[in-house]
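K.L.:
After the structure tokens below, expect a handful of questions from me.
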Amino acid sequence: MKAVHFGAGNIGRGFIGMILSRAGYEVTFIDVDAALIDELNEKQAYTVILADESEQEETVSNVKGINSMTDKAEAVAAVRDADIITTAVGASILPIISGVLAEGLSARVEAGTVPVNVIACENMIGGSQALKDHVLAKVDASLAKKISAQVGFPNAAVDRIVPNQTQAERLTVSVEPYFEWVVDQSMMVGDVPEIKGITYVPSLDPFIERKLFTVNTGHAVAAYLGYHFGYDTIKEAMDQEAVVTLVRGALKETGKVITAQYDFEEAEHNQYIEKILNRFMNPYISDEVTRVARGPLRKLGKNDRLVRPATLYYQLVNEEPTYLAKAIAAALLYDYTKDPEAEELQDKINQHGYEQALQDVSGLTSESPLVEAVLKQLKTLQG
Ligand SMILES: NC(=O)C1=CN([C@@H]2O[C@H](COP(=O)(O)OP(=O)(O)OC[C@H]3O[C@@H](n4cnc5c(N)ncnc54)[C@H](O)[C@@H]3O)[C@@H](O)[C@H]2O)C=CC1
Ligand SMILES: O=P(O)(O)OC[C@H]1O[C@](O)(CO)[C@@H](O)[C@@H]1O
């Protein structure tokens, strides 16, 4: 059985590749990082270490790599012949990988082979569907019809904290013990592969929103406020009672939105929140605030982890989401110069001011009460 995974980075090696290899797949990583691909091909295995007191090590074997920059034809052929295809490249890279996917899937459906599923494992709502849209936009109408019939793009939620790595051995990756991979079965085609570690559900909405608006919202709040208060890592930020109070406050707000919409019990959801706060405090993980805060333009987007739950809070709870508004204000202050999106955000703010910049990146209009709430919180943060 052959798996093709786009993105041999932290989550690609530390989570998705590991699960697929454990399930008996030969895993081919497609990436653009030449040195990483060379090393994967040389060693054909790598180590995953659990970030807890056990420091348990697992060898992930039966893996290889293809550099899609230099060996595009090989990447296309791997897609054509795969039994399952996954991605973890970052939301903004999905349009870029859709070219190789479109060519490989076109060759596949023309040859009339068995159906296949493509699962985007990115932190976003509707990731696989978005990837499908990019792929279909690259082929003619007849191929689009065949691909739609023979290729499933089931949306997924993936949860495991894998920080940037500082291992001496480049391929080695340290990961938190916890993981969850949930896939929307209703969007799949053909036989559903039995893969230990994947949970198939009839509808993904409750799971992706619970995950994105708890794990990712909470992490983003800790990162933007942590950065604002001068901390380097999530752990350092979460060692401050004041930061924990702000993160917990934001998660209580998103919790109200989640339990108002979906069938999660409030008490059970509160336990989920506390478990996640503990994961952020894992002393065996050193996670830079700048990794978790990366891409503030994306993270301030209309459907992303901060603005969407804050907007829903007005609609479903009918109150002002003060903690989320503070986190959005902190995101607007995020000026890390090595992050191109932070640079672009600060340029926008310098040119047009906070209010206009917020509206531009979030799609909120001047009538939205959230804009005023954020500006109010901005003043408190700026002292
Ligand atoms: N690190 C984490 O804890 C988690 C990350 N995710 C999601 O997984 C995705 C990847 O995140 P990370 O693994 O942390 O990032 P990463 O930066 O470690 O890995 C991304 C990989 O994609 C590769 N890449 C870039 N452009 C490419 C292209 N055109 N074709 C093929 N590969 C390309 C990069 O070279 C890199 O190896 C993101 O969407 C993230 O939100 C989801 C859950 C957890
Ligand atoms: O990958 P993104 O969406 O930029 O954000 C970083 C996120 O990745 C994670 O490490 C895993 O989901 C989160 O903890 C964090 O919110």
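Any Cβ shown, glycine's included, is placed from N, Cα and C.
Not my notes, these are from TrEMBL:
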type	residues	note
BINDING	A3, V4, H5, F6, G7, A8, G9, N10, I11, G12, R13, G14	NAD(+) binding site
DOMAIN	1-196	domain 'Mannitol dehydrogenase N-terminal'
DOMAIN	204-378	domain 'Mannitol dehydrogenase C-terminal'
K.L.:
Relative to the Cβ position of G9 (NAD(+) binding site), how many further Cβ atoms are located within 10 Å?
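P.N.:
A 10 Å sphere around the Cβ of G9 (NAD(+) binding site) contains 18 other Cβ atoms.
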K.L.:
Could you list, ordered by sequence, which of these binding-site residues: A3, H5, R13, have a Cβ under 6 Å from ligand 1?
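P.N.:
So the answer is none.
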K.L.:
Using DSSP and collapsing to three states, where does H5 (NAD(+) binding site) fall: helix, strand or coil?
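P.N.:
H5 (NAD(+) binding site) sits in a strand per DSSP.
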K.L.:
Among all protein chains shown, how many Cβ atoms are found within 10 Å of the Cβ of R13 (NAD(+) binding site), not counting that one?
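P.N.:
R13 (NAD(+) binding site) is surrounded by 30 other Cβ atoms within 10 Å.
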K.L.:
Name, in the order they occur in the sequence, the residues of the same chain whose CB lies under 8 A from the CB of A3 (NAD(+) binding site) and which sit 6 or more residues away.
P.N.:
L20, Y25, E26, V27, T28, A82, D83, I84, I85, T86
K.L.:
Taking the Cβ of I11 (NAD(+) binding site) as reference, which residues of that chain separated by at least 6 in sequence fall under 8 Å from it?
P.N.:
A88, C121, V158, R160, V162
K.L.:
What's the most sparsely packed of the binding-site residues H5, G7, counting other C-beta atoms within 10 A?
P.N.:
G7
K.L.:
By the DSSP assignment reduced to helix, strand and coil, which category contains I11 (NAD(+) binding site)?
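P.N.:
Its secondary structure by DSSP: helix.
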